[in-house]
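Comments concern the structure below.
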């Protein structure tokens, strides 16, 4: 092999090496859902003979209206909610024959109480008197035709939390979100409430329709505690929705912040039997924040304590500035008060009593209580000794 041929082979291999070294890693496309995995409508029969097509929907990773399994599975995962309203999946477990983390039991929260009064003639009970009556209470289950399609835990009074500065106010009718939660932009959160809380006092019926409002709240010290409804502050109002499941997903939008990093808002639910003029979002509303995302700095213990006390934004600066101002005003007032009343002050009585105490005559030594019983020998009774010759 000639020299120039070797050179050509060398450069060819070098260029091939550079090409291979600079190659990009193959990007594999994401696996698509197969036909069997995609959510499809399914057919069911409701109320005896009525055919109905049910279309599942996926919201924040949660599948609603999913076709139930033919055989009930006690270990089937269910969906709970974080304090801010984010969904989380709970997987039941069996430990020593007992199911842990099982689906929630709603007890009688969604049942209707029906009372029946029976007389002695109707029952003919051997232990009833002729004039006695028996009142029986019966709990009737709700219609679960549509609520059974909801995979998320429903809100009940036993899931309420405490809100307010002293944490002594129940959160009724809300279970989520918790007060002072932070909703981030482009994230979806679930607002949940106890449906039977909205019972019309006049008719005694539970509201069949409600809608959710989001309103801005100002927290400057001057305005704090003076929350009056301001119609322009309500920036989001949902359509009237069925009050069956007691929940609604909310996706936080960037335009709600109005070019700010975070905003203080209140979440409220309006039942259909209350008009817009009579509805107050702050009566039962939950206060929270919407934000662009996590802040870079980590809040200190002092900042967390201020947040728990309800001191946010620039309120702390007002409090810090007011303390020295009050002290200065107090000393100025005391100075002028003493200056004006300088000629009217007379402390002679006080000084005279103090001087008299210092000039007090002690009296005779023998009359003092402390030495009264002490026997005092005369000087002549003291022993005397004669001097010896050596002492002389």
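Backbone N, Cα and C atoms are what each Cβ position is placed from, and that goes for glycine too.
Within the set 276-296, 297-317, 318-338, the record from Swiss-Prot flags 318-338 under the feature transmembrane segment. Per Swiss-Prot, the annotated O-linked glycosylation site among residues 181, 384 corresponds to 181. Candidates 89, 348, 388 were compared with Swiss-Prot; the annotation O-linked glycosylation site appears at 89.
When each of the glycosylation sites 55, 63, 65, 192 is scored by how many other Cβ atoms sit within 10 Å of its Cβ, 55 comes out lowest. Secondary structure from DSSP puts residue 65 (O-linked glycosylation site) in coil. Classification of residue 195 (O-linked glycosylation site) by DSSP places it within a helix. Restricting the glycosylation sites 49, 65, 71, 80, 156, 181 to those with a CA within 10 Å of the CA of residue 55 (O-linked glycosylation site) leaves 65, listed by sequence position.
Mean model confidence of the topological domain 'Cytoplasmic' (339-392) amounts to 62 (pLDDT, 0 to 100 scale).
Of the listed glycosylation sites, namely 49, 156, the sparsest CB environment within 10 A is found at 49. Secondary structure at residue 80 (O-linked glycosylation site), taken from DSSP and collapsed to helix, strand or coil, is strand.
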